[in-house]
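J.: Sequence annotations record features per position, and here Swiss-Prot assigns Mg(2+) binding site to D488, D494. The domain 'KH' annotation in Swiss-Prot covers 555-614 and is backed by sequence analysis. According to Swiss-Prot, the feature domain 'S1 motif' maps to 624-692. Per Swiss-Prot, region 'Disordered' is recorded for 692-723. The compositional bias 'Basic and acidic residues' annotation in Swiss-Prot covers 693-723.
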Amino acid sequence: MSEKQVFSTEWAGKTLSVEVGQLAKQASGAALIRYGDTVVLTAAVGSKKPRPGDFFPLTVNYEEKMYSVGKVPGGFLKREGRPSDRATLTARLIDRPIRPLFAEGFRNEVQITSTVFSVDQDCSPEMAAMLGSSVALVISDIPFEGPIAGVDVGRIDGKYVINPTIEQAEKSDISLTVAGTYDAINMVEAGAKEVSEEAMLEAIMFGHEEIKRLCEFQQQIIAAVGKEKREIELFVSDPELEAEVKAASEGKMKVAIKTEEKKAREAAIEEVKEEILESYKAKELENETEILSEVAHILEMIEKDEMRRLISQDKIRPDGRKVNEIRPLSSEVGMLPRVHGSGLFTRGQTQALSVCTLAPLREHQIIDGLGTEEYKRFMHHYNFPQFSVGETGPRRAPGRREIGHGALGERALQYVIPSEEDFPYTIRLVSEVLESNGSSSQASICGSTLAMLDAGVPIKAPVAGIAMGLVKLGDDYTILSDIQGMEDHFGDMDFKVAGTKDGITALQMDIKIDGLSRQILDEALTQAKEGRLHILEHLTSTISAPREELSAYAPKIITLNIKPEKIKDVIGPGGKQINAIIEETGVKIDIEQDGTVYIASQDQAMNRKAIAIIEDIVREVEVGEVYTGKVRRIEKFGAFVELFKGTDGLVHISELAHERVGKVEDILKLGDEVTVKVIEVDHQGRVNLSRKALLEKKEQPEGDKKPQAEKKFYPKTKKPESK
């Protein structure tokens, strides 16, 4: 495969080409994907020998290069650093459909790296990387049961679109990524604008048709350049040891698993495991470490099989619930007195405390990535401390799981956030998981809804989330509502659905089997809707509408619209004017290019004061208007009167009174307040005022009347005489 080979097809109206044999030739498999002007290189490498441990060590990396969009990285070092949240989420997106397609017992390390070389904003580098990951694996000698493919799906005016452009995505009411094999779907990630379950299912199936075509395209590549798969020794338990451990523990394990409370159940199961392990330690076997590791693995498989049998055959769950039953719910708002809004949501032994913070728009998050988004004013962050599951350990920076759960909650709530015009605030939600026994990401969505309502955020509708599960034995399957940790760990599906009473706003599906049929997806969505509506009813019984007033500790934001050409007057030279306003009032001021001014402060009186100052600065005088101002300067020809801050005008001496005035000081003194009328604004913007226009004219005898002198306003500069 030393010679470069190119395979091409059409993808959503753009040319898709896969190049192999030229780049990254020392990797187990590599492919350069060109999609429009987007270029992504994906390389896959598999270790020759299994790694120690009882898990499959798969690592997926998605590396964004700023040069791909013609940017230099920000910061002091001017080079790419830790992955962005988007890169982390994309790596998870690629990992999820690939992981289920490695054989059970496969322990060799596999690393997949996608490097973004060039980005065409209308040709998704994420989808190119997912395709490249599949191609790199299927043409390598790594035993992978693919190919897979992924596509983005949108819906515009009821019509479904594959890989929508930026312009199309803005008009779409569905933002869906779906991945799978030729035969089935195995990963879904979606955000939506309250769409129905039927519409979402149609979008998923529409995407799967395109996935089939891309899988067929990859089969052509495999036939041409695919390597023979290497022989891998899969981890398999010793049959005699397995039978021996099963005979000693199965009966006790069945009893332990039926313990309803999580901690008590864990203790009962652990007791069974410890008893069996101790019995093998007592035998003082020659290869004790390996035997004990294998026994521990067998015991976990017995635990898994019994839980699955209990659900599949008896239709009873470990905690005694029915398959569609939701755990007991409780919620509370306003727990934290000094924050802007808070909500505590508890579902069984899963609990999330969400806090809403409101801030001026200037505190939005700046996005410095490969996309077109420059900033975002709504954020949801998810924290999962180890005490939430009764464990100890070091606290680290948010990992992939926390970033992913935070993003899912953000997507679920994004649609109901009021527009910037209706609610000019930056909104940050933080969900602290205090207790976890499954579905903590969905608890964070429910808690965040409560927190925003408590903060007075005028959301369009409350949002609730629920996690669905699946146990599939052969053709028999059981769908579970509101899964707990054990059902997530040993089950076949984690299907999270969030939305309002009117429709879905977010969806995420991961499975551990090859794929799901349309029938299972349909039933899962229908059952999820029933659960979601039940939870929404509970949430609205706690708080049904946003608080009418914001917290006393939240900034109060007032908006003012000024003419764009007046922005420079408000800012002043070198920011002198705006800084003076901020210093005098203590407010925060943001000015948009269209002339929208946002003024924020906890003190409404200071907000109003700042508004008054700015209104004075941008105010424009109108001919015929009457003002009361102060005399700021006196000249021989008249007095200059400040009408309002930053604007003054001239009262010519002839406009002071109806009678002749010898000296300006005979009528006005410096600092006097005087009421005047605007009689002219000349072409240079100079304002001429009159005092006498507001005075009653005294009648004079006909013989005493004198011809009026010609009015002279601002003195004109004499032109230099020509020599």
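Note: Cβ is positioned from N, Cα and C throughout, glycine not excepted.
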J.: Would you say which of the binding-site residues D488, D494 has the most Cβ atoms within 10 Å of its own Cβ?
T.: D494
J.: Over the span of the domain 'KH' (555-614), count residues by DSSP class, listing helix, strand and coil in order.
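T.: So the counts come to 32 helix, 16 strand, 12 coil.
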J.: Provide the three-state DSSP residue tally for the domain 'S1 motif' (624-692): helix first, then strand, then coil.
T.: 7 helix, 36 strand, 26 coil
